[in-house]
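The structure under discussion appears below in the form of structure tokens.
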């Protein structure tokens, strides 16, 4: 066993500086600095407290309440209730935190007066202004002005006896805004009005409509040119709320449209916040006006008439929005102000589906017309607008218009090399077909084959995985939502057969066409095809199924996809059709081994099959395999025999699949004899037959199936009885024997009553004839136990009196074994059967328990001393059943009093199952005492267990834990303190079990009890933990750690450490670790929240955005708050805006694909496919070619015919050597990126070594002294793309000159190669000489492990000296003086 070693005395290294942070002067953790800063304003530092005191008013209140009770009579619930009634208001005027709205006004919630700086100046209790009170910042001038106005209004309302309702604040704020002259007063009033106007009742807004709307319009005119964006946003928000509250008749006035036009004008504002606020307001008015929403049922107390208004399909102002948007699509706007067009499209995304049908048609026509423009951004936004129109599934877009619109969108198909636009195009069409299917299914099915054909024959053949996956998802949704609905019934399938057949044919073509990466998607798509239309289109789906199965191979990469699709086909088409298309046997009836992979799939996917097909085809084939199996076994051909054995077993294994809801259960009369013979004669076929019988007898089968299988009970049950009474040989047969008993129990319940009675009588005779406690006796006892459950109450009573009661009473009878071990076995089985009878939900068993409860109670109580330990769990179940079946059982009944000690004694023995039963029994008894008001008496009874042995004490503590968990709030404080003291005594004992139980009790005590009560006993708990022995503390270390964590949640680690003795290093160290872990977790949580806030603010790109409902939009409108209150949100929005702008700059590139033989006509509709974005496959090629330029043959270097590198003299001198081919490639790349200007020529050492990125890097990086670790430094050992190659050395790096191109000179025959470093030699002096533009003349000596060897050190030092001597370093100033000079 390991030991605790204290780490307090170790000299740790301490916290070190992070790399590169040694000059940081502001650390992240500033605990001591914050402590010093908090004492800055104290007048006399010598009198200031060293630490902040924990004495607060709340702590004083809690302390007084925890001490102000009578421990003998007050319960824990009383203390908790008194704590919940605390109010920390110190106001003398009697103002409370809750108020009610006066009659006639809308009910408004109230808030607690939070103790903040703003609470000292404003006692507003209206929930609308909660954020101002709680998030007040004294540094904000706007907050100060708002708080002053709110305080004044609150005071006026209270002086006049108001209830601080939203109506009162609304009226007063409007008066304040109209009377204010200074801008800051108006801004503060408007901000407060925006916070509370959403809760103002609609009748008030209707009554004050003219005056309020006129004031808002004048404010818009006044602040139109102002730099304060927030006031404009708040005014727009207030005006939208007012307009939404007006009824349908109010929109017949011109003044209402005048106010609406004022908001509409700001929807294309240049400022994004103002523009988004206006667009949001327009959308709310169009969709969220009072007459557009469902009518709210009026209450009985209200006087309003509950007259349901006719549902309005479109808003009266929608036509005005449509005219406004169409005015922005004029040619001059498209040519000069495309940004305005984009803003208009953004407005249409949220409002178009609320227009009337004529306006939707006009807008869509203009959208299609501007989509021919070359601006890809405009076209993408048009796709998004159409997508939102289809996504909302508005009834204003009728079926005919939707079908025409889908046909027109087909003409605007982009080129498939442009991945993003193609996916957007397909997604828009998919959503349009889904909407058309909801409106008129036959029109959708007429238009759907065209889209499927385009997706399969063209888009699926793309080499871009992203496009293939997107198209596959669209096809899947169309199959699930459109085709499946068209094939729901036989009539619908007949009407749409031609369209569905075309879709299947288009998909089947892709199975026959050569393809590679798409094969996985095509195979999986067919699984959805089988699910959608497999039941009624079997003939059309048979050829695709045959094609898919031909591709199956165990080594295939798509094996799993093929198996999944075949299983879907089996479920939809049925095993008969699948096996007809793909037969398991050839024409001669011989099993084809290559088709054996279908057998496991058939068992898993078969459902609703025919038993006749199984009998005529599968069983016949299995019999044939069985004959060949035996023939090969007799011929001693083991391999073939084993193959046919497996095939035969797999064919019989199909039986459970054919039993899942069979179509012809009446055919069981022909199949039952075959099954009975197989069960009796072939043990290897029994498992699948058992599974099939369980399927036929299950609850999910029909009544006809149960009746059919019940008629053959005499055929199966006797055979099953014989199998169960046979002694198993091995674990496999033992497991199968248990399975047989499960089949018997389920089959007995489905058999007819006369068959049950007959089998019960025969089983009793067999039981009586068997020897006691023998294998046969136990087997027949289990069979009788399975049958007796379904007998009548009279039959159960007779069996109980004859075979069960003598064993329970341990009578001296011939039916009771005399041997102790055999008696234990008998008692265990008898108690289990009695528990099953008493807990069963069958009517006969419940009747038996009620009628014989007194007899059962007497037998159970008398047999307490004679029962063995292994049957205690069943005894406890029986006692609990007896207690539950008594409706008016008294708490002091004899059954209850005798069940308490038995439950405590067996609380935690032998198994967890018994512990759960004992806990349930104790909780039931606890509930009885609680109902009688004697819960403390029950605790006194349990206290007697503390005087027992170790196990009894442990169980008593755990029983108290169960009582505390269920009825702890009803215990008196004195009783609770007594129990806690007793548990603390056993906590410090040497017994491990007692200590573990005591800690479990303390954990429950901390969870259940109120904090003040736990605080009163906190010192005793901590001192008891410290006083534990080392052995028990080590044994319960995990439980102690959990206890300390729970304590640290309710109290601080510092408070707990104050109660721990100083010599207990273990507890102190654990508390310290918990404190560190808590702080670390808090920092992580804060960082995660900050990251989530920043990520939530980012804009979701693409068409698959969240579809907001009008309720979500209305909820968003409630967050109209001052800007400086949402600083964090604005920071996140700014970050997201910067990210979006950065992405927008990257996405502005647009390219036109040209044909050198044709002229591009941008006005032609077909030219829309030639406009590509930067994300297309063709435009990505130049960028990829630049990145992969180093991957050219030979790395881009020129080579001779013999493989040598050709390096010109110009390259060695670093001069320009550009050839025409390189210029052409660079110019092509620049043209691909849309650049026309010529780049200035830069001298390069090699033709293809540098790139445009290197030139840009040379221009941007200033000249500086390189450090040793710089990537451009030669010392660093790093290489970059801009490094220059210099010839020199050996091999292919040798100098390429005329004289020494070969190793030997042809003329002289001597070697012309010079020793390395000779070019640094001086002609007139000794030593080496540094040359400009070359490396320093260093001698690089390799460092090996031999240099570290002591025996070889002297030899290596001599080598080093020779090197120095050769370099002239040891000759002093004579030889090395010139070399040792410092060169700049």
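Heads up, the Cβ atoms here are built off N, Cα and C, so glycines get one too.
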From the set 98, 165, 1094, which residue is assigned the annotation phosphoserine by Swiss-Prot?
-> 1094
Given the candidates 166, 539, 1095, 1107, specify the residue that Swiss-Prot annotates with phosphoserine.
-> 1095
If one consults Swiss-Prot for phosphoserine across 82, 298, 499, 853, the residue flagged is 82
Run through 1185, 1227, 1282, 1380 and tell me the one Swiss-Prot describes as phosphoserine.
-> 1227
In the compositional bias 'Basic residues' (1348-1362), how many residues does DSSP assign to helix, to strand and to coil?
-> 11 helix, 0 strand, 4 coil
